[in-house]
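Peer 1: Residues or ranges marked as FAD binding site in TrEMBL: N93, S94, M95, V96, V200. Under the heading domain 'Glucose-methanol-choline oxidoreductase N-terminal', TrEMBL lists 83-106, 235-249.
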Amino acid sequence: MTAPMAYDYIVVGAGSAGCAVAAGLAERQAGSVAVIEAGPSDAHPFVKIPMALMWLMGSRRDWRFKSAPMAGVNGRRINIPRGRMVGGSGSINSMVWFRGRASDFDGWNVPGWSWADVEPAFEEVEAKITPNRLAAPHPLTDRLHRLFGGNGAAPPSPDYESAGVCHFNMRNSRRWSAADAFLRPAASDHDLTVITGRIVRRLHLDKGCAKGVILGGAGEDTVITARKGVILSAGAIGSPDLLLRSGIGPADSVTQQTVVVDGVGQNLHDHPGCGMHFAGAETGYGLTLKQAGQWLAAPLNLMRGRGPLASPTVEGAAFFNARGDGSDPDVQSHFIPFFMNHAGHRYAPGSGYFADVCVCRPKSRGRLMRRNGQLHIDLGLFKDEADLDTLTHGLFRLRSLMADAMGDAAAPEVYPAGAATSHDDMRAHVRANAGTAYHPVGTLRMGTDPDAPVTPTCDVRGVGSLWAADASLMPAVTSANTNAPAMMIGHRAASFIAA
Ligand SMILES: Cc1cc2nc3c(=O)[nH]c(=O)nc-3n(C[C@H](O)[C@H](O)[C@H](O)COP(=O)(O)OP(=O)(O)OC[C@H]3O[C@@H](n4cnc5c(N)ncnc54)[C@H](O)[C@@H]3O)c2cc1C
């Protein structure tokens, strides 16, 4: 069937926020809505099976972006996975569910986005997502709550030092993404069309207004008209890039300037993180002779919500102060009860577990731009050395916390272990090994100041009938994982756009 060539609203990107904003518009009967997604559908067993995200990363359902070489990490280019299918990055993520701290939103200082404003929106999102505690965590993950006096019932919180099994957006031990909770129900009940496998190359602009989108593909470009407007939900990399490709952005980053919006692509940041590997006979899930039976039974156990295939890899988290000085948590640790080979071999034999440290509120900022027609993604890691210091201290504290939590089940640390005993060695280790938690945000910051590319009501400044709604709007990253905040932004944006 050929898709109609005109809709009232076109949403670019069926990711975590795009699904929520499209459903919100359709439910309000604001007009016909089309969601255009570059990737395929999410109807693939690896999307549903929690552990299979490790096979989706690096596959054709991942954009597989790479950063520019960054001085802060010894000139390395790091991987930036982003989901490329219906559900977006929410279809390849670990499904850990955190709203963030109330002070994160108050600190944005954007009218309409304080904690008091966003809390009801989180509640509405959660009514559809129903996040819940992991049904059958690995016994090692169940040890985490011993830290900080927790009782194991409540999930850890970025508000205070805490550790334990996380809550997840899973149902019956399967992924339950924004596509499941928002997009499909709205598409079946309302005037909402989902178009997959078509990449939006540029915006169709006329007299300073977005009138539609231009799709690339074999042969000629296709224009799809948006009678009421276009919503950018292509994510923190895709949305600013689409503006730049349409001639909207800072003068030094676009070739054919249509509209000068200086802030586009600025303020890019992510949670910098670095891991610690532990290996010991029959500790975490791994490839050993003794665990062969467990792997053979894994498909059956998945049906019962147990075993390695039912694990979203990250099972638990801890929030703590890196220096242990009694102040608020400034780092988050993700706990993965799987043996992860530190040389990067996917199928190395062994048993063990992994934990990382990520800086909750990084100070460093980078920038996304186009240079000679190429996307240039500088995450700015450790531009501000305070982030490096916090991460370095956090790894030392993680070392002792892991020993306390695992107790008699602890496995020896195998990396960095003896290579990082002094502060200087650990700092060097972080520069040589750090990556991110895969939470890029901030490239279309919301704000009231004229330099903010997006207004508090999600309008792209300087262009009519054009809105943005995704993780790129966050002026500063929240203190934990970003999927829930991205959905909340999409959900809330729908009410502004429909109004
Ligand atoms: C591997 C991984 C693990 C993660 N783990 C967690 C976790 O456990 N918990 C958590 O809270 N967060 C996690 N995150 C982060 C979280 O998933 C993201 O912050 C969130 O999904 C971002 O939502 P978004 O709507 O901004 O962008 P996305 O969900 O990335 O959506 C953008 C969509 O736009 C589409 N698109 C882009 N450009 C175009 C174009 N030109 N034309 C058409 N379509 C386009 C993309 O294909 C994609 O579907 C993880 C992320 C990754 C990658």
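First residue shown is number 1, and so on along the chain.
Each residue, glycine too, has its Cβ placed from N, Cα and C.
Note that the coordinates shown come from a computational prediction; the quantities given were computed from them, not determined experimentally.
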Peer 1: Excluding near sequence neighbours, so keeping only residues 6 or more apart in the same chain, what lies with its CB under 8 A of M95 (FAD binding site)?
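Peer 2: Set apart from M95 (FAD binding site) by at least 6 residues yet with Cβ under 8 Å, we have P50, F168, N169, M170, R175, W176, P312, N483.
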Peer 1: Taking DSSP states H, G and I as helix and E and B as strand, how many residues of the domain 'Glucose-methanol-choline oxidoreductase N-terminal' (235-249) are helix, strand and coil?
Peer 2: 11 helix, 2 strand, 2 coil
Peer 1: Taking DSSP as the reference, which of helix, strand or coil describes M95 (FAD binding site)?
Peer 2: coil
Peer 1: Return the maximum Cα to Cα distance in Å (whole number) over the record's FAD-binding residues: N93, S94, M95, V96, V200.
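Peer 2: Between the outermost Cα atoms of N93, S94, M95, V96, V200, the distance is 30 Å.
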Peer 1: Around S94 (FAD binding site), how many other C-beta atoms are within 10 angstroms of its C-beta?
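Peer 2: Taking all protein chains shown, S94 (FAD binding site) has 23 Cβ neighbours within 10 Å.
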Peer 1: As a test of the contact definition, list every same-chain residue at least 6 positions from V96 (FAD binding site) whose Cβ is closer than 8 Å to its Cβ.
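Peer 2: Those within reach of V96 (FAD binding site), by Cβ under 8 Å and sequence separation of 6 or more, are C166, H167, F168, P312, V314, A317, H334, A480, N481, N483.
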Peer 1: Around N93 (FAD binding site), which residues of its chain at least 6 apart sit with Cβ under 8 Å of its Cβ?
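Peer 2: The answer is L53, G83, Y438, N481, N483.
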